[in-house]
Amino acid sequence: GDDVKSACCDTCLCTKSEPPTCRCVDVGERCHSACNSCVCRYSNPPKCQCFDTHKFCYKSCHN
């Protein structure tokens, strides 16, 4: 849906396996819209990171 279309990631790390396993390691006040496994640290502002893994990276947030 739209969540996946609007999801973006600036720092995506992938393994060298085939297919690759990729994870977005951006840290922000919230996780991207398509994130299922979001972990936030209680700080001000909160620091959230998505722990989903995919075979691809989302497009960059800041072109």
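Easy rule for this one: first residue shown is 1, then count along the chain.
Even glycines carry a Cβ here, placed using N, Cα and C.
As given in Swiss-Prot:
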DISULFID  Cys8-Cys61  disulfide bond
DISULFID  Cys9-Cys24  disulfide bond
DISULFID  Cys12-Cys57  disulfide bond
DISULFID  Cys14-Cys22  disulfide bond
DISULFID  Cys31-Cys38  disulfide bond
DISULFID  Cys35-Cys50  disulfide bond
DISULFID  Cys40-Cys48  disulfide bond
Rounded to the nearest Å - Cα separation of Cys48 (disulfide bond) and Cys35 (disulfide bond): 11
Those disulfide-bonded residues of Cys8, Cys9, Cys22, Cys24, Cys31 having Cα within 10 angstroms of Cys57 (disulfide bond): Cys8, Cys9, Cys22, Cys24
C-alpha spacing of Cys50 (disulfide bond) relative to Cys38 (disulfide bond), in angstrom: 4
Euclidean distance between Cα atoms of Cys61 (disulfide bond) and Cys14 (disulfide bond), Å: 17
Sequence-distant neighbours of Cys12 (disulfide bond) in its chain (C-beta under 8 A, six or more apart): Cys22, Arg23, Cys24, Val25, Cys57, Tyr58
Fewest other Cβ within 10 angstroms of its own Cβ, chosen from the disulfide-bonded residues Cys9, Cys14: Cys14
Alpha-carbon spacing, Cys61 (disulfide bond) to Cys9 (disulfide bond), which is rounded to whole Å: 6
Chain-internal residues, separated by at least six, CB under 8 A from Cys35 (disulfide bond): Ala7, Cys24, Cys50, Asp52
Cys31 (disulfide bond) versus Cys9 (disulfide bond) - Cα distance in angstrom: 10
Cα-to-Cα gap, Cys31 (disulfide bond) vs Cys8 (disulfide bond), nearest whole Å: 10
Pairwise CA distance, Cys40 (disulfide bond) versus Cys8 (disulfide bond), rounded so that it is a whole Å: 18
Position of peak Cβ density within 10 Å, selected from the disulfide-bonded residues Cys38, Cys50, Cys61: Cys50
Cβ atoms near Cys22 (disulfide bond) (within 10 Å, other residues, all chains): 18
